[in-house]
Structure formats: structure tokens, C-alpha cells
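Engineer: Sending over a structure as C-alpha cells; questions will come in a sec.
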Amino acid sequence: MWKTTDLCDEFENELQICRQSFRSFGKKEQFHGKIATVKVKDDNVLVKEGLQTLPEGTVLVVDGGASTNCALLGDNLAAIAEERKLAGIIVNGYVRDSSELKNINIGILALGTMPNRSVKEGKGDRNISLQFGGVEWKPNDYVYVDEDGVIISEKSLYR
């Protein structure tokens, strides 16, 4: 079993440490996987498309620009991720249906909750490098999450 603290000790010069504070909403507190990215503004169509197409074990990183206008993820989309065996979802934005999310057996991190739903226009970008939390989130890098933090590595550190 790995811990982010141990990975930081062992691979200190090879990691990025996310400086953003997230809240955990999913059933899993610890998760890791290869990163896939989505950048959107108050629109979760590309989030849904990503969840429906990404391979098992992936972590979808959603940059919603920390917008407080709406939630980008709720129980329906999280259930798709669970059904498809994704490792987790990290949202630089907000979620809703939090009482249901805690029963979804994946990792889910977000800034907080917002009851308002997103628009459905399909605007945004997928598979691009993102910048938030003081780190660069690049597709196909690896992210490791537990109760102590979020770290990113260009290579797999744990199998």
C-alpha cells in the first residue's frame, strides 16, 4: 500500500505537489491512475463524454476554473465513472448530490458543493495540459491521491 507522504519522501525531486485544497466526496479516499483532462466553463458535456470513453483506471481531471456558477459533476456522472471502473475524478470546481456521491466507489475530489446544474453546450477542450493548484496536469502523467494530498508524476510510481 502506498501513501503520498512515502512517495514524496522517495521521489521528492520527480514530483509535483498540488497546492489546492480539495474536499473528498467519493467513497475512496485513496486512488491513483493515469491522467486524462477536460477544461470547461460551466458546461459538463465534455466531462460526460470523457467519463463514457476513458479506459479503466483513469483519473479524469476537470478544470472548471473554480467557477461557483454551477456543479460540473453529480451522482449520475459519477455513477458512469464507477460503472466503467475509473479510478477517480478531480474537479477544480464544484459537485452536487454529495450525499449520493459518498456511496460511489471511486475517488472524487472537488472544491465544494453547488446545487445548480451546468449548461449543456459541449464547449471546452479535452486532452490538454491544465494549470491549477500550482501544478501542471498533463494527459498520461500519473496522479496519486490520499488523505494527505495530491501528487503528480510523469511516470508510474506504484502498480
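Please read every residue number as a count from 1 along the shown chain.
Keep in mind that glycine also has a Cβ here, set from the backbone N, Cα and C atoms.
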Engineer: Which of Arg96, Arg126 does Swiss-Prot put in the same substrate site as Gly74, Asp75, Asn76, Leu77?
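Structural biologist: Of Arg96, Arg126, Arg96 joins Gly74, Asp75, Asn76, Leu77 in the substrate site that Swiss-Prot records.
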Engineer: If I take the alpha carbons of Asn76 (substrate binding site) and Asp97 (divalent metal cation binding site), what is the distance between them in whole Å?
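Structural biologist: The Cα atom of Asn76 (substrate binding site) is 9 Å away from the Cα atom of Asp97 (divalent metal cation binding site).
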Engineer: I'd like the number of other C-beta atoms within 10 A of the C-beta of Leu77 (substrate binding site), please.
Structural biologist: 23
Engineer: Enter the number of other CB atoms within 10 angstroms of the CB of Gly74 (substrate binding site).
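Structural biologist: Gly74 (substrate binding site): 19 neighbouring Cβ atoms within 10 Å.
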